[in-house]
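S.K.: Structure in structure tokens, see below.
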Amino acid sequence: MSDQIQLIAPDDWHVHLRDGEMLKQVVPYTAQMFRRAIVMPNLRPPVVTVEAAKAYRDQIVAACHPNWGFTPLMTAYLTDDIAPEEIERGFHEGVFTAAKLYPANATTNSAAGVTELRHIHGVLLVMERIGMPLLIHGEVTDVDVDVFDREAVFIERSLKPIRDRYPGLKVVLEHITTEQAVDFVGSADQNLAATITPHHLHINRNAMFAGGLRSDFYCLPVAKRERHRLALRRAAMSGDRRFFLGTDSAPHARPGKESSCGCAGIFNAPHALESYAMAFAQDDKLDKLEAFASLHGPAFYGLPVNEGIVTLQRDDKLVPNVVNGLVPFHAGETLPWRLQPCT
């Protein structure tokens, strides 16, 4: 195995950058590793207007050094009463790259999300017509559905009807966690894709309970059984262009993360690419990493491939237990790869 690999500069197709002081702390990790990132809109209040997206984009850009060459790609937060005209205007003005569907109360700051798909029928028709991607947090929230089954049930109950009713709509099922999601996306046409996180390639649901209750491994969707983790690895490393990188890095301050009712989210941004590289190397699939990290996403979104390269050097790197007051994924572990600056 080579001691060095070079990749076309990658993108992160799903990240939470937060806002305010938290944004200033976390955005450098993403902006110095990736050239572009799809930024989630679940702020308080959520990003539901073109003006709000512009203001948020300005806040992100202000926190970045110009030499990083980073471009945030903004998304709209869909609600029951969002206007189709606002979505279309934001897309045509180059402000909204995509729109995000959060089922109401499915995850962090999703209380204002969509309660029933019929409420956004007009929006989805417009998005289908103009070629605007729909990004989906694919879980049902019914109390009678087991938390480990919520993604699989969502596919049957909601995603299949969306695909049937809006066949021309471009859809990304984000941060997939199940074999069912892999199979559904893998059997679909070019209008359906999925992002895969680094943590779901490394952990199964046992990680949350290893030696106690491990809140730093709690995210939504939750990690599943080992067979699902292995299915995600096969998908990510298959070379199938329907699967691409999306970290879902989701930082939370430690008091909220480590409380009796801890927040869902894993902060993986500081070492995301090294984490992916470790997984791909473990399965002897490093030759598939560039397509997953740098090529498949732009192809789906209809964007140019980045210029420049990044280099990963085989060199042990100890992950700190805490960075900027946040606990990172792989805290206390040694990663076998080290990212060199983008050129």
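Just so you know, glycine gets a Cβ as well, placed from its N, Cα and C.
Pasting the feature list from Swiss-Prot:
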type     : residues                                                   : note
BINDING  : His14, His16, Lys100, Asp248                               : Zn(2+) 1 binding site
BINDING  : His16, Leu17, Arg18, Asn42, His137, Leu220, His252, Ala264 : substrate binding site
MOD_RES  : Lys100                                                     : N6-carboxylysine
BINDING  : Lys100, His137, His175                                     : Zn(2+) 2 binding site
ACT_SITE : Asp248                                                     : active site
S.K.: In the same chain, outside Lys100, His137, His175, whose C-beta lies within 8 angstroms of the Cβ mean position for the Zn(2+) 2 site?
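M.R.: The answer, listed by sequence position, is His14, Met40, Leu101, Tyr102, Thr107, Leu135, Ile136, Gly138, Glu174, Asp248.
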S.K.: According to DSSP, folded down to helix, strand and coil, what is Lys100 (Zn(2+) 1 binding site)?
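M.R.: Where Lys100 (Zn(2+) 1 binding site) sits, the three-state DSSP reduction gives strand.
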S.K.: What's the CA to CA span in angstrom from His252 (substrate binding site) over to His16 (Zn(2+) 1 binding site)?
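M.R.: Counting only the Cα atoms, the answer is 10 Å.
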S.K.: Validating a neighbour-count step here. Other CB atoms within 10 A of the CB of Arg18 (substrate binding site): how many?
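M.R.: I count 21 other Cβ atoms within 10 Å of it.
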S.K.: Whole-number Å only: compute the distance from the Cα of His14 (Zn(2+) 1 binding site) to the Cα of Ala264 (substrate binding site).
M.R.: 16
S.K.: Helix, strand or coil: which one is His14 (Zn(2+) 1 binding site) in, per DSSP?
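M.R.: Once the DSSP labels are grouped into three classes, His14 (Zn(2+) 1 binding site) ends up as strand.
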S.K.: Whole-number answer please: how many Å between the C-alpha atoms of Lys100 (Zn(2+) 1 binding site) and His137 (substrate binding site)?
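M.R.: Given the Cα positions, Lys100 (Zn(2+) 1 binding site) is 8 Å from His137 (substrate binding site).
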S.K.: Which of the binding-site residues listed here (Asn42, His137, Leu220, Ala264) have a Cα atom within 10 Å of the Cα of His16 (Zn(2+) 1 binding site)?
M.R.: Asn42
S.K.: Can you tell me which binding-site residues out of Arg18, Asn42, His137, His175, Ala264 are within 10 A of Asp248 (Zn(2+) 1 binding site) by Cα, answering none if there aren't any?
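M.R.: So the list reads His175.
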S.K.: Using a 10 Å radius around each Cβ and all protein chains in view, which of these binding-site residues has the most neighbours: Leu17, Leu220, Ala264?
M.R.: Leu17
